[in-house]
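> Found this in TrEMBL, in case it helps:
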ACT_SITE  A:ASP94  active site, proton acceptor
ACT_SITE  A:ASP310  active site, nucleophile
BINDING   A:ASP94, A:SER95, A:GLY96, A:GLY97, A:PHE98, A:ASP189, A:GLN236, A:GLY263  substrate binding site
DOMAIN    A:16-105  domain 'tRNA-guanine(15) transglycosylase-like'
DOMAIN    A:143-418  domain 'tRNA-guanine(15) transglycosylase-like'
REGION    A:291-297  region 'RNA binding'
REGION    A:315-319  region 'RNA binding'
Amino acid sequence: MSAISFTIEKRAPRSGARAGILTTPHGVIKTPAFVPVGTKADVKGIFPEQLVSIGAEVVLANTYHLYLQPGEKIVQDAGGLGKFMNWSGPTMTDSGGFQVFSLGAAFGKGISKFKDFVSPESDEGLTKSKHGLAVFDEDLATSHGKLAIIDDEGVSFTSHINGSLHRFTPERSVEIQHALGADMFFAFDECTSPTEPYEYQREAMERTHRWAERSLKAHRQNSSAQKKQALFGIVQGGRFEDLRKESACEIASLGFDGIGIGGSFSKEDMRGALRAAVGELPEELPRHFLGIGEPGDILEGIANGMDLFDCVAATRIGRHGSIYTRQGIVHLKNEKYRNDFSPLSECMGFVNLSSDEGFTKPFTLAYVSHLIRSGEMLGPIICSIHNIGFILQLVAGARQAILDGKFDEYRADFVREYY
RNA sequence: GCGUCGGUGGCGGAGUGGUCAAUCGCACGACACUGUAAAUGUCGCGCCUACGGGCUACGUUGGUUCGAAUCCAACCCGGCGCA
């Protein structure tokens, strides 16, 4: 018995795209859906009411961050993630598996989730340890510029906040996520660096599979949590299609409530890895494309049958002064926007961002550019809301297009103008 | 007027005989950002360039020296103190 239910309303004729309804204990999510990221129990710079007003239906927080600060007990005592952050709709939490990557192999290397990975440096093999470093060697890790090292049992890491030592296992991640109490949560996985070779990708994938089983077992041992929370397993396998297929089969066979597709790709590898995985997934489970993405990548995901997406880019680039528009990303700090008095909303093709909760009138590019340049906090806030709104609208439009049987045209039209 | 300290790139401010077109910060210009170590980071920022380098620059003028932003002299300008 799952805490959620998922029904598919309509499938697109010439692609894998599908529109569905995902019902959770805290409400309904119309899929495909974009899930704004609220890592530390807030979508940076945006009030819950504003999220609602621009169409958000669900938010995603992070286990690693909330465990470190303020601690899962506080969130639990507050009544769970949603109550803690004043969000009454559906919630999700990520497992902390991504931090294994971002604080581990990627730490200090300028590698992000989605870069062109030019020259994979030979890596002293810390994260490749086959012998299981049960005890975290801080000096060793630090000397390699990492805050996290992996063994078969779990991951030891130092807090990026104060350097204190911690350890996650699949069981611990589930326990923390039970305390956080989101409607949907993810199994603890190992998100590998795309620079890792095949052998290591296989090793990590198999470890992720073992962790998936342990996560599921831990979840099933808590029947009250099981009634309220759904657990998603995560497909890994790097850029290798055979691994992706194998991983998808394995994860799909275990009995999760939903499936996440994880990983870190180079731009060219995403589609192949995605297709290989999706082809092996059962139709009836909701599929979440972890960490994706940019407009084009989201549409690619939808076309390949993905239902849920989350991404920090909208708020991050917004905070950094860039906005999505129908014609592509605009860097508001650029000189040419200093005296561009065209309205923000019209520029991005929004029909309506004006509501009692949202903006009352469109701001001009010149104004927001000024706010960004002068360091006023309203600038990043406006851009973040704008960008989340843009993505939500893009996905809502895609959903409607699927229902209307016009997804291919919708996607083609968008891509033509945007890229 | 006397004394004293000081005048460096858009600004602030290092440097105090060669390795200085000149550290650094700001401003400015551009780029990056995909399960958030991120309201962050990277690059550029005298002029020209066939990218090897060339040219003009550290208040002004002159001098010392193989060589000066750096030493000397005069002058101009500013702060402070005394008249």
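Cβ coordinates are placed from backbone N, Cα and C, and glycine is handled just like the others.
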> Counting every protein chain present, what is the number of Cβ atoms, excluding its own, within 10 Å of the Cβ of A:GLY263 (substrate binding site)?
33
> Taking the region 'RNA binding' (A:291-297) alone, what is its mean pLDDT?
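The predicted confidence over the region 'RNA binding' (A:291-297), as a mean pLDDT, is 96.
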> Can you give me the residues near the recorded substrate site, meaning same chain, not A:ASP94, A:SER95, A:GLY96, A:GLY97, A:PHE98, A:ASP189, A:GLN236, A:GLY263 themselves, Cβ no more than 8 Å from the center of the site's Cβ atoms?
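Along the chain, the qualifying residues are A:GLN99, A:VAL100, A:PHE101, A:PHE186, A:ALA187, A:PHE188, A:GLU190, A:CYS191, A:ILE234, A:GLY260, A:GLY262, A:LEU290.
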> What does DSSP call A:ASP189 (substrate binding site) in the simple three-state scheme?
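SS state of A:ASP189 (substrate binding site) = coil.
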> Sort the residues of the region 'RNA binding' (A:315-319) into helix, strand and coil with DSSP and give the three counts.
5 helix, 0 strand, 0 coil
> Can you check which residues sit near A:GLN236 (substrate binding site), meaning Cβ under 8 Å from its Cβ, same chain, 6 or more apart in sequence, and list them in order?
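Listed in sequence order: A:ASP189, A:GLU190, A:CYS191, A:THR192, A:GLN201, A:ALA204, A:MET205, A:THR208, A:LEU243, A:SER247, A:GLY262, A:GLY263.
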> Pairwise over A:ASP94, A:SER95, A:GLY96, A:GLY97, A:PHE98, A:ASP189, A:GLN236, A:GLY263, annotated as binding substrate, what's the top Cα to Cα distance to the nearest Å?
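Comparing all Cα pairs, the maximum is 15 Å.
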> Rounded to the nearest angstrom, how far is the Cα of A:ASP310 (active site, nucleophile) from the Cα of A:GLY97 (substrate binding site)?
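Per the Cα atoms, A:GLY97 (substrate binding site) and A:ASP310 (active site, nucleophile) stand 15 Å apart.
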> Cα-Cα, whole number of Å: A:ASP94 (active site, proton acceptor) versus the residue listed as 'active site, nucleophile'?
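The Cα atom of A:ASP94 (active site, proton acceptor) is 10 Å away from the Cα atom of the residue listed as 'active site, nucleophile'.
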> Round to a whole number and give the Cα-to-Cα distance in Å for the pair A:GLY96 (substrate binding site) and A:ASP310 (active site, nucleophile).
15
> Can you tell which of A:ASP94, A:ASP189, A:ASP310 has the most other C-beta atoms within 10 Å, given these are the recorded positions?
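Of the recorded positions A:ASP94, A:ASP189, A:ASP310, the highest Cβ count within 10 Å belongs to A:ASP189.
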> Can you tell me the CA-to-CA distance separating the residue listed as 'active site, nucleophile' and A:PHE98 (substrate binding site), as a whole number of Å?
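Here the two Cα atoms lie 13 Å apart.
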